[in-house]
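Engineer: Take a look at the following structure, please.
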Ligand code: DAT
Ligand code: MG
């Protein structure tokens, strides 16, 4: 996968509240091209595996329960310097610290239920994209 791609999820809280369109609109307005897109739901085992890096953290159980409780939107996005640009667009993990104009400032409700995921490195973007999309789905 090219290094100008990143992976995102619109998390269950934002899907439940009807924010798929609003968030995809912010992503498009920021100049990202959607190259893969699906509405899906993580099983508990999927969420445990996706967030395995956080398995020793005190919030892991809560995170897994939250991420598997309802549908999510998974997407691969393309833009120059995609990983860093997208982290800027989503804002800080805790919406209380998120800058004006960011997705989390607008749509997140708490540090745990923070509306969107964004990969933190090119390597993780590739791993996370492959977790959700077959090669033939990565356009
Ligand atoms: P990010 O999603 O900004 O990359 P992260 O990788 O540190 O943040 O954590 C992954 C997710 O875990 C995060 O989006 C929400 C949850 N999380 C992180 N820190 C938390 C905390 N202190 N309390 C509850 N949930 C937390
Ligand atoms: Mg992270």
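Cβ atoms here come from the backbone N, Cα and C positions, even for glycine.
TrEMBL annotations: computationally assigned, not manually curated.
Below, the features straight out of TrEMBL:
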type	residues	note
ACT_SITE	117	active site, pros-phosphohistidine intermediate
BINDING	11, 59, 87, 93, 104, 114	ATP binding site
DOMAIN	3-137	domain 'Nucleoside diphosphate kinase-like'
Engineer: Do me a favour and check the Cα-Cα span between residue 87 (ATP binding site) and the residue listed as 'active site, pros-phosphohistidine intermediate'; whole Å is fine.
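Structural biologist: Each residue's Cα considered, residue 87 (ATP binding site) and the residue listed as 'active site, pros-phosphohistidine intermediate' end up 9 Å apart.
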Engineer: Enter the number of other CB atoms within 10 angstroms of the CB of residue 114 (ATP binding site).
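Structural biologist: That number is 23.
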Engineer: Any idea what the Cα distance is from residue 93 (ATP binding site) over to residue 117 (active site, pros-phosphohistidine intermediate), rounded to a whole Å?
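Structural biologist: Roughly 9 Å, rounded to the nearest whole number.
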Engineer: Limited to the domain 'Nucleoside diphosphate kinase-like' (3-137), I'd like the whole-number average of pLDDT.
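Structural biologist: A mean pLDDT of 98 is what the model gives the domain 'Nucleoside diphosphate kinase-like' (3-137).
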Engineer: Might you list, by sequence position, any residue in that chain lying six or more from residue 11 (ATP binding site) with a Cβ less than 8 Å away from its Cβ?
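Structural biologist: Expected: 66, 67, 72, 113, 114, 115, 116, 117.
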Engineer: When you measure from each Cβ to the nearest atom of ligand 1, which of the binding-site residues 59, 87, 93, 104, 114 fall under 6 angstroms?
Structural biologist: 59, 93, 114
Engineer: Taking the Cβ of each of the recorded positions and counting other Cβ atoms inside 10 Å, which one has the highest number: 59, 87, 93, 104, 117?
Structural biologist: 104
Engineer: Helix, strand, coil: count each for the residues of the domain 'Nucleoside diphosphate kinase-like' (3-137), based on DSSP.
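Structural biologist: Secondary-structure breakdown of the domain 'Nucleoside diphosphate kinase-like' (3-137): 64 helix, 24 strand, 47 coil.
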Engineer: Across the listed ATP-binding residues, 11, 59, 87, 93, 104, 114, what is the farthest Cα to Cα distance, given in whole Å?
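Structural biologist: Max Cα-Cα spread across the ATP binders: 21 Å.
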